[in-house]
């Protein structure tokens, strides 16, 4: 399936119409994908924060934000502006360099991970052959930033929160990677594009969630733990650690943690939709739509329609998972730190390893169903 809107090609052709050379058009294009990722991530965070406030209000029989814009849609922007104008404080006995580097080291890998998220056949920033491996590698950097922030704050609550965050992230990253390996084993590829295309054979029935139900559950639990969402928010448990590794942070440094947490949640939901829910896949084949409209499959109208539907389907699937994550936050109690680590090491790790071995066996026995 090599159809779909190619943004880079279309943009370069548009600039060539003004007499610019291919080299200049390519140079102009280079910074745009990263800018597009930043805008998409920030807009996604604003929507998610608004949903969080409204869903939490409904769970507690409240109204939630209603005065800042219609239905309170401007409340997340007001929150961001408030953090933007707050004083940036560095504690007197803190390590200033590490204290500042910590939030950056937490946020940057999460944003870079968006580079491998496809919204269509050609709608992604970087179609690297090792896309999933790159995401796992980038996500392993985050615990360093969390531990660095806790240590540099020179605060016992911050240090304990940083240690908890690092232990939690390491504990759940291994079963998460093993559940992803089962998908890679069936797809024979680390490319996110190939993983989605492999699920396009029979519509919804070819989604990986039917062949990897255990992997799906393990991945989603681990993703929630990596995002430090309830019931796994031990690193910043208010009743125990004030705000964990964020205790001494204020202003934009605190906003970077806040932003990184929500961007990571949206990223995790997008990856679940790509790995297990068919990504941009539409129930009706594009070939039938093109035939119905009596147009070739590479016609501009079909390409725009395919790109639009791909974005809508990917985002809808992702936000369904975000809704579930928000609902879990306001309906489940927090686990203890020993229960958290026991769940990761003694339960999810053996299950994910067994799931990988069973997938390998099923691939040998039923190659037509498990990607022989």
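Cβ coordinates are placed from backbone N, Cα and C, and glycine is handled just like the others.
Record features, source Swiss-Prot:
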type     : residues : note
TRANSMEM : 27-47    : transmembrane segment
TRANSMEM : 97-117   : transmembrane segment
TRANSMEM : 128-148  : transmembrane segment
TRANSMEM : 176-196  : transmembrane segment
TRANSMEM : 204-224  : transmembrane segment
TRANSMEM : 266-286  : transmembrane segment
TRANSMEM : 308-328  : transmembrane segment
TRANSMEM : 347-367  : transmembrane segment
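Long-range contacts of the transmembrane segment (266-286) within the same chain: residues 3, 41, 44-45, 48, 110, 113-114, 117-121, 123, 132, 135, 180, 183, 192, 195-196, 199-200, 203-204, 206-209, 212, 215-216, 219-220, 223-224, 226-227, 297, 302, 305-306, 309-311, 313-314, 317-319, 321-322, 325, each at least 6 residues beyond the stretch ends and with a Cβ under 8 Å from a Cβ of the stretch. The largest share of C-beta pairs under 8 angstroms with the transmembrane segment (97-117) comes from 27-47, of the ranges 27-47, 204-224, 347-367.
Stretch with the largest number of CB pairs closer than 8 A to the transmembrane segment (128-148), among 27-47, 176-196, 347-367: 176-196.
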